[in-house]
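This report concerns only the one structure given below.
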Amino acid sequence: MKLPRVLRALVPAGRRLIRPAPAGRYDLDAYGLPREHAAPVPRQEGAPPTPGTPAAPLPLPEFAAPSAQDEPAPEEPGATPVENEHSPIEHRRASSALTARPVYTGFMLTVGVGLALLIFSIAQANTQLLAWIGAALFIALGLDPIVRLLERIRCPRPLGVVVTVGAFLAVVGTVIAMLSPLVTEQTSVFIRSLPQLVGDISRSDWFRSIDEDFQIQEIIDNEVNRYIADPSNITNALGGLFGVGTAILTTSFGLLVVTVLALYFLASLPSMKAWGYRLAPRSSRPRIQYLGDLILSGVGYYVIGQACVAVLNGIVAYIAIRIADVPFGALFAVIAGVLAFIPLVGPVTGGALVSVVGLTVDWQTAATFAIIYFIYLQIEAYIVSPRIMSRAVKIPAAVVVISVIAGGSILGVLGALMAIPTAAAVMLLTREVLIKRQDTR
């Protein structure tokens, strides 16, 4: 049975729909359908397509190659890495992750708070040990710039550590050997003559003129008599003597521990820093390493600079004591030099203490020392200290005073010494992280 002509014409069209034809123009029959086994006739470019010819594919859009301006500029040497900000989508994901599992989130927050309280209780129970560790790390950071200087002249770090620690111990031992007999002798003489010095002050003309207005002598006598009349104060005084002996032994053991820990910290400081930086996420590790190196180098230069300023302060104090003829010159020069490690507060305290001792001679002696010493303090504040501490930390004077008082109230003298680098580190992190993050918003 023969199919109608129209159905016979639809068979090649079905084959055409099932099997894609090659590009080009076909020879069509009378019904506008392509003949089978017909070779495609190429169509000239620009000519309109004939009926039944498949349209040419649309050209793909061409994109320009990225120019040098579009590429991110390479980081310059020494440039401060900039931390990438999280997008709002990431913030929404984080918030949804917290609200999706409230029980798990609450449990983890509880565990975190418990660990924080546990760490705080352990630290509170081992305050003395933490103070020794902080002092050892403080000394190691102060000696590290010298070791790195030796490394730059091709000296291995172990040898540089040995040379630096040996030179440090030699200098400290020499100073102690030279000053220890004189300071010990003057200390014992000062303790024996302390009642006489107090009597000389009370009999001086300037004290009598003040006592006539404020009755200071009467107040002092009443307090002394009340203290002696209380029997418990005698027991406390005897306990204080035993406490002094215990404090001497504890201090000696602490010096040994601090020396050994400082040696180990100085030898393993690069590996300690590398291990600490690996605890940070990999994406933000370069930024944290940059800030950490900046803080640690600033602390090291601060320790070296402050030590130089303290030595110079002690020398000037001794010269001023000799000029003014204040008694116990070596003792109070050492005290002034040690107190000079504490910026702003320490030198003023040392100068005031020596001036009070000068009053036991006469007010002219105290005034002579005070004028010479406090003139030097101005020179130190505006000329000497800025030049020596040019590579160290720089913080405002008000922050120095507040941080020294806060550190001294927490850890005593050691806390006052460590307060300045700690405040400088906080200010550096605030400037490099918080302020820059706020500026980019």
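Just so you know, glycine gets a Cβ as well, placed from its N, Cα and C.
Sequence annotations record features per position, and here TrEMBL assigns compositional bias 'Pro residues' to 48-60. Among the features that TrEMBL reports, compositional bias 'Basic and acidic residues' is placed at 83-93. According to TrEMBL, the region 'Disordered' annotation covers 39-94. As annotated by TrEMBL, transmembrane segment applies to 102-123, 129-147, 159-179, 241-267, 288-321, 327-345, 352-376, 396-429.
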- Message: With Cβ-Cβ distances below 8 Å as the criterion, list the same-chain residues six or more beyond the ends of the transmembrane segment (102-123) that contact it, or say none.
- Response: 130
- Query: Taking pairs 6 or more apart in sequence, does the count of Cβ pairs under 8 Å between the transmembrane segment (327-345) and the transmembrane segment (129-147) hit 3 or more?
  - Reply: no
- Query: Which of 129-147, 288-321, 396-429 has the most Cβ pairs closer than 8 Å to the transmembrane segment (241-267)?
  - Reply: 129-147
- Query: Where else in the chain does the transmembrane segment (396-429) make close Cβ contacts, counting only residues six or more beyond its ends and a cut-off under 8 Å?
  - Reply: 127, 131, 134-135, 138, 291, 294-295, 298-299, 302-303, 306, 341-346
